[in-house]
Amino acid sequence: MGVTEKVMQAVGRAPMIALLGNPNCGKTALFNRLTGARQKVANYAGVTIERKEGQFTSPAGHAYRVLDLPGAYSLTAHTPDEEITRDVVAGLRAGETSPDLVVCVVDATNLRLNLRLVLEVQRLGLPMILCLNMVDVAKKRGIEIDADKLARELRMTVVETVAVQGGGEKSLLRALDEAWPVAPAAANPLAAIDAVSVEDTQREVRRILAIVANDNQASDSLSEKIDNVVLHPFAGPVILAVLMFLIFQAVFSWAEAPMDFITGTVEGFGAIVKEHMADGILRSLLVDGIIAGVGGVLVFLPQILILFFFILILEDCGYLPRAAFLLDRLMGGVGLSGRAFIPLLSSFACAIPGVMAARTIQNPRDRIVTIMIAPLMTCSARLPVYALVIAAFIPEREVYGMNLQGLVLFCLYFAGIFSAMGVAWFMKRSLGGKRQQPLMLELPSYHWPHLRNLAIGLWERAKIFVTRVGTVILSLMILLWALSSFPGAPEGATQPAIWYSIAGMIGRALEYVFAPIGFNWQICIALVPGMAAREVAVGALGTVYALSQSGDELATSLAPVIASTWSLATALSLLAWYVYAPQCLATLSVVRRETGSIRYPLMMAGYMFALAYVASFITYHAARLLGA
Ligand SMILES: Nc1nc2c(ncn2[C@@H]2O[C@H](COP(=O)(O)OP(=O)(O)OP(=O)(O)O)[C@@H](O)[C@H]2O)c(=O)[nH]1
Ligand SMILES: [Mg+2]
């Protein structure tokens, strides 16, 4: 047996630890600390929505497997993500038994709420360690918890941790090694859920608290002060709007220098290849297909990172649930719950995590409506399309001290949000929704964003984007280049070769459908690969125009080319199209998985396509009437 196989076998037999606890108590931070993983950590409830497995070796050399789980207030699950947690702990998942050991993580600043789950889990009869996390914050606020007394009352090992500090997990590792080897559980977890009344549990929590915790708990006065302003009925929404607006301004004004740098590098690279390679098919593939296409998409990395820099800060400091709270009334007006805010916000990255985050919504109907409108939020794949068209057609000037390009971008994002609200209102009415339940949302304490979280978040974003560019987008670009280059121009051709190619034929056929909304055959070609990944549309335009050009112009400077060949009406129509842009196959397949039905993805594709066509039609003809 080889070394790797031995290691694999050891890992296979290693005891399974489950990290269990209320939302936002630091389970994932602890999981990352133990395993060196980079799972998402943020300051709001419901960040983790799936079970994640990792492994590590303790200082004494024992191997463990560890599970990070979605937070739960109770084992009697109310939402799909809580169900995952309950099923894992109770060993209800197919092919899985209960974990060998439960590490129950609690937020030391909020013991009253957290202990309830601890008592519930204790009744399962599984071996258990209690992890008092965030003791750093608790100490700062003068909260004293006697860990020894707590251990005695609960009859289990209690350790103190600080999951966001290097070494803050050591006490847990020590306790794990002391518990080694973990005795196999002889429990029947399923029978224990629901066995004891809530009142009895509450009484027990109060009894334990009286023994282990001091009374003079200073409330978090700083958070309260900030909330007085941020949640103010008038100032609150104004602050939210200004924040959002500033972010979009920054996306354009800060990105200029790094984007110029990337464009310059890509162009320089293209020029070198052109100079040193003989004219021919390979050079065309490299220059027109790969460099023009992939480079054209890569240039939008800075804008994506700037957008996420702000979103990550808002996530980590604890502002997001406040925004959900502020928007609850507004969202209630169209029949959505404030709970939908975070899934919808996640959709600004990509609709896929957004659709999955809808698992935290309790009411099935609210959940479906949220899933259905998630793709109307402007995902980061649309940003390149917007940015390209804006850079080509919207002059870079100041209007009342605001960057006009940023303003247009803001309007496009807003158009998506506004349409989503309209669709939600319509769906709620036709589904016959009941009145909203009040929003129950925990408002976490504010804290400064952890630089590490921020850096990891940005790094992961950049990695996702660059990987996508290097895999999906690259292969689509090569395919598109091939379809656009063959079979080549016939004798005595009057048009560029691409006009006669397979892609050209497809584009010209589609033009019959899309001419009424102002799209030429080049745009029609780009729409097709755009179905697999929206940003490919930009790369595709790069390739299509590079191949349409006779001269030596490189299509990385695509903006001036389209600025001179499209009318403003066409450009605006394309922007309107991409506000809805139903073409994202990956989202449709996730919607199918999450709703367990083919009906919803079909409905989604249908209504988005219809909206896209109607919006583009109106935009195009209105713009033409106005002389654009
Ligand atoms: N000061 C301090 N902050 C912590 C500690 N542990 C976690 N945090 C912060 O608390 C917030 C929540 O951490 P997560 O690890 O995402 O919490 P979680 O339990 O996985 O939350 P869900 O996945 O939503 O259930 C983040 O902002 C962390 O940076 C700690 O020990 N001390
Ligand atoms: Mg988590």
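A Cβ is built for glycine as well, from the same backbone N, Cα and C atoms used for every other residue.
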Pick from 173-195, 334-356: which range does TrEMBL record as transmembrane segment?
334-356
Chain residues outside the transmembrane segment (334-356) and at least six past its termini with a C-beta under 8 angstroms from it:
44, 46, 49-50, 307-308, 311, 320-321, 323-325, 327-328, 362-363, 366, 369-371, 373-375, 377-381, 420-422, 424-425, 428-429, 433, 436-437, 439, 441, 461, 584, 586-587, 590-591, 594
Among 285-314, 498-517, 558-581, which stretch has the highest count of C-beta pairs below 8 Å with the transmembrane segment (465-486)?
285-314
Non-local residues, at least 6 beyond the ends, that sit with Cβ under 8 Å of the transmembrane segment (602-623):
372, 375-376, 419, 423, 516-518, 568-570, 572-582, 587-588, 591
What else in the chain is close to the transmembrane segment (406-427), if you only count residues 6 or more beyond its ends and a Cβ gap under 8 Å?
244-245, 248-253, 331, 333-336, 344, 369-370, 372-373, 376-378, 386-387, 390, 394, 399, 575-576, 579-580, 607, 611
Contacting positions for the transmembrane segment (558-581) when only residues 6+ beyond its ends and CB under 8 Å are counted:
292, 296, 376, 378, 382, 385-386, 388-393, 412, 415-416, 419, 517-520, 523, 530, 534, 537-538, 541-542, 545, 549, 608-609, 611-613, 615-621, 623-624, 628
